[in-house]
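**Student:** Shown below is the structure under consideration.
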Amino acid sequence: MCCVSFSRWKNCCIRGVLSMAMISGFFMMIYLGPIMLIVVVMTIQIKCFQEIIDIGYRVYHSYELPWFRTLSWYFLVCVNYFFYGETLAEYFGALVQREEPLQFLVRYHRFISFAVYLAGFCMFVLSLVKKHYRLQFYMLSPKKTWEGFIGGFFGTLVFGFILAYLLAQFQYFVCPVEYNSETNRFTAECEPSDIFVMHEYTLPFTVQSILRWKTVTIYPYQIHSVALSTFGSLIGPFGGFFASGFKRAFKIKDFADTIPGHGGIMDRFDCQYLMATFTHVYIASFIRGPNPSKVLQQLLVLQPEQQLSIFNAMRDRLRDRGILPPAATEAM
């Protein structure tokens, strides 16, 4: 009985001392400033993640999952890069504007985040069948062959390039859907943006010597279609490989029988999730620019004092760049 009481008191003393130490340490961290708090939050996050991963590794160790810990930590880095990157860019904008490498990371932050995540996803798919990397894709999905993979790549490039040319001529495919208050209808009519207007490009010298052409007139979107087609033909199938591995793990042939002879909807759209995500990230990173009308709408909802502050800042910036004459600034 005495041993039990002593053990209980000892446990209470240890918990009490450590509680006071943690409380004191927390106040010390607040005193040391925001940077210390950021470091502490990241440290706590990493330690919590490590404890969870250790539990999962002990439970599933018998399954001999390859790259379990490596991929787990890799995806943690990807997630932190995505979330912390946008936050740091927002709060340390002055530093970002001063350093050119940081400007590149901020401008293409979403695309870089998606690329590193996609690399981890591909590594995970490649690890689904251990010690059979040469026959990896065949074992995951026997109906997918290297001939079809390579042929599909070049076929997709050509088809995508031609289809981009054809569809760029119709407003239905190039204009965003907007609500027209006068007609009380949703319309898809606009002045096509520059990527849907014919441009003349000078071909590289090596290409000129082969084709005997110096210039070519195409839609800029056709160039973007090459990037989209390349991703769709090379990386998009990994969505199908993952779905095949998933179905094999559960010993099923199809996700459902919604479409006779094809399986479920997921069986037909397993690659589209990767493709849709990449398309969104690509457009946001390389095509879509600031929309003046939307920026103006955001400015109009601000308080008059805020609008005046932005006006003064823009006036000073335009004057410093020599765009606004000094006489015009004096009149303001």
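Going from the start of the chain as shown, residues are counted 1 onward.
Backbone N, Cα and C define each Cβ position, glycine as well.
Remember, TrEMBL labels are computer predictions, not curated facts.
Since the structure is predicted, the reported quantities are computational estimates derived from the model, not experimental observations.
Residues or ranges marked as transmembrane segment in TrEMBL: 20-44, 65-84, 111-129, 149-168, 221-243.
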**Student:** For the transmembrane segment (111-129), find every same-chain residue at least 6 residues outside the stretch whose CB is under 8 Å from a CB in it, and list them.
**Tutor:** 65-67, 71, 74-75, 77-78, 81-82, 85, 105, 135-136, 139-140, 235, 238, 241-242, 245, 274, 277-278, 281-282, 284-286
**Student:** Taking a Cβ cut-off under 8 Å, which residues six or more beyond the ends of the transmembrane segment (221-243) line up next to it in the same chain?
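**Tutor:** Result: 118, 121-122, 124-125, 128, 137, 140-141, 144, 149, 152-153, 155-157, 159-161, 163-165, 168, 195-196, 255, 266-267, 270-275, 278-279, 282, 286-287.
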